[in-house]
Amino acid sequence: MSKLHVFDHPLILHKLTYIRDELTGTKEFRELVEEVAMLMAYEITRDLPLQETVVKTPVAEAKASVISGKKLGLVPILRAGLGMVDGVLKLIPAAKVGHIGLYRDPESLQPVEYYCKLPTDVHERDLIVIDPMLATGGSAAAAITFLKQRGVKNIKLMCLIAAPEGVARVQREHPDVDIYTAALDEKLNDHGYIVPGLGDAGDRLFGTK
Ligand code: URA
């Protein structure tokens, strides 16, 4: 069973409060989402492998560590996922970024991929899939399936707010994928919005409401 990591860092919780606030405007919303993504990236990368090295300080040689150069990739799900990418890249600037866009077929209700551009060596990379609002979990689960079909082995899912329904679906379909979220909310409403959530993340990020 995949692990669910819900963050409890005071800075993340503080910023999330203002992200949720309906009075927060587009500029501040965007900045706060980026900042929370950066703070979350710090924790999500906690298990990156290190290798030993030696560094010469002005005083003496010191045994030291550097990240071992494991290949990482970020895959935001369009469009709200874009809002968290720059925050993660502040801490992992060398990560490659792929994009996946999905829509729900109105008849079959199944997610259909309408856009997918990934690093050519995606199958060799550990990926962080970014879906800020894990609502039903349909898009995230489908995106992860598409990535696995392309040979990706190691995937983490990064969200801002998750609903129990979305967590359950991803854990059922992808028990190997750990989920990282800044908050686990109460439920989904009849329109598929997370309650209390923050509204439509894409609209609030891009000012399209
Ligand atoms: N997508 C959003 O942007 N908000 C929700 O509450 C659910 C899905």
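We count from 1, first residue shown onward.
Backbone N, Cα and C define each Cβ position, glycine as well.
Features as listed in TrEMBL:
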- R79, R104, D131, P132, M133, L134, A135, T136, G137, G138, S139, D200: 5-phospho-alpha-D-ribose 1-diphosphate binding site (BINDING)
- I194, G199, D200, A201: uracil binding site (BINDING)
- 6-208: domain 'Phosphoribosyltransferase' (DOMAIN)
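Looking at S139 (5-phospho-alpha-D-ribose 1-diphosphate binding site) and I194 (uracil binding site), their Cα atoms lie 15 Å from each other. In the vicinity of ligand 1, defined as a Cβ distance under 6 Å, the following of the binding-site residues D131, M133, A201 are placed: M133, A201. Inclusion criterion for the binding-site residues I194, G199, A201: a C-alpha placed within 10 angstroms of the C-alpha of A135 (5-phospho-alpha-D-ribose 1-diphosphate binding site); this criterion is met by I194. Fewest other C-beta atoms within 10 Å: among the binding-site residues G137, G199, that description fits G199. Counting every protein chain shown, the number of other Cβ atoms lying within 10 Å of the Cβ of D131 (5-phospho-alpha-D-ribose 1-diphosphate binding site) is 31. In this entry, R79, R104, D131, P132, M133, L134, A135, T136, G137, G138, S139, D200 make up the residues listed for 5-phospho-alpha-D-ribose 1-diphosphate, with the farthest two CA atoms of the set 18 Å from each other. Taking the Cα of D131 (5-phospho-alpha-D-ribose 1-diphosphate binding site) as the reference point, the closest of the binding-site residues G199, D200, A201 is A201.
Cα of I194 (uracil binding site) to Cα of M133 (5-phospho-alpha-D-ribose 1-diphosphate binding site): a distance of 8 Å.
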